[in-house]
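Scroll down for the structure; my scribbles are underneath it.
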Amino acid sequence: MTTQPDYVTKAKLAEQAERYDDMAAAMKECVERASGKDALENEDRNLLSVAYKNVVGARRSAWRVISSIEQKTDANDKKQLMAKEYREKVEEELKKICKEVLELLDKYLIPKARERLEGEKDDQKCFDSLVFYLKMKGDYYRYLAEVSQSDEKDKVVEASKQSYQDAKKIAENMQTTHPIRLGLALNFSVFYYEIMNSPDKACELAKSAFDEAITCLDTLNEDSYKDSTLIMQLLRDNLTLWTSDNQAEETDATETEQQ
């Protein structure tokens, strides 16, 4: 019988081989078979995140390339129809992956994290887990929003926003320099910039997170110093990008995933 640690080992092997679909499948099994109050330990949680980030990232990148080709090709050109069909194929793959992650979050990870937080309100790890999963939920609804249209898009945009807001409220219990709190601010600001087309709100959120963290740098412990300062740099990079004279041009903001 395959145990939970066995699935983690499989996931690590798949990561080393850069076979991220296999890695995601192993971590999905790990989540579904987990017992106890917390489905995943910190390291396992990061493995899940890395696996699906790579799996969905490949489809997001492909979708953007194919969409660009489709838009630049003449409507009467056969190539345009082929590009459209191929884009729709990638789109379905992307949506399937996102919905798979969201099901894991809603069915297993978030309920267990909430349950643990209720029982151990003084345990910082409980806040970490719940914020991490709610942020992840916001991220995957955001990825759905990138490829959705009309009424469907409105629903996933609202779901993404609500998840980020829920995470942000709970993250107030964490240090301003905590990498998970900073990563949430980074990705929530990207949501406002790219999905909501609200550069002012995006800048406000990113600047607030950066300013709050910079005043507390002396509280950083050695373990999280590298992660926290890296995300702070990404926040600053996005602020520079968004407030530059080229703001009107289409740009790709930087987001992160805690690893």
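Glycine residues also receive a Cβ, built from the backbone N, Cα and C atoms like all the rest.
Automatic prediction, not curation, is the source of TrEMBL annotations.
Positions annotated as coiled coil by TrEMBL: 69-107. Counting only same-chain residues 6+ beyond the ends of the coiled coil (69-107), those with a CB under 8 A from a CB of the stretch are 24, 28, 31-32, 48, 52, 55-56, 59-60, 62-63, 133, 136-137, 140-141, 143-144, 147.
As annotated by TrEMBL, domain '14-3-3' applies to 4-256.
A 10 Å cutoff on Cβ-Cβ distances gives Arg60 (site 'Interaction with phosphoserine on interacting protein') a total of 17 other Cβ atoms nearby, all chains included. According to its DSSP assignment, Arg60 (site 'Interaction with phosphoserine on interacting protein') is helical. Taken from TrEMBL, the feature site 'Interaction with phosphoserine on interacting protein' covers Arg60 (among others).
Residues near Arg142 (site 'Interaction with phosphoserine on interacting protein') in space but far in sequence (CB under 8 A, at least 6 apart, same chain), listed by position: Ser160, Asn187, Val190, Phe191, Ile195. Among the features that TrEMBL reports, site 'Interaction with phosphoserine on interacting protein' is placed at Arg142 (among others).
In the three-state DSSP reading, Arg142 (site 'Interaction with phosphoserine on interacting protein') counts as helix.
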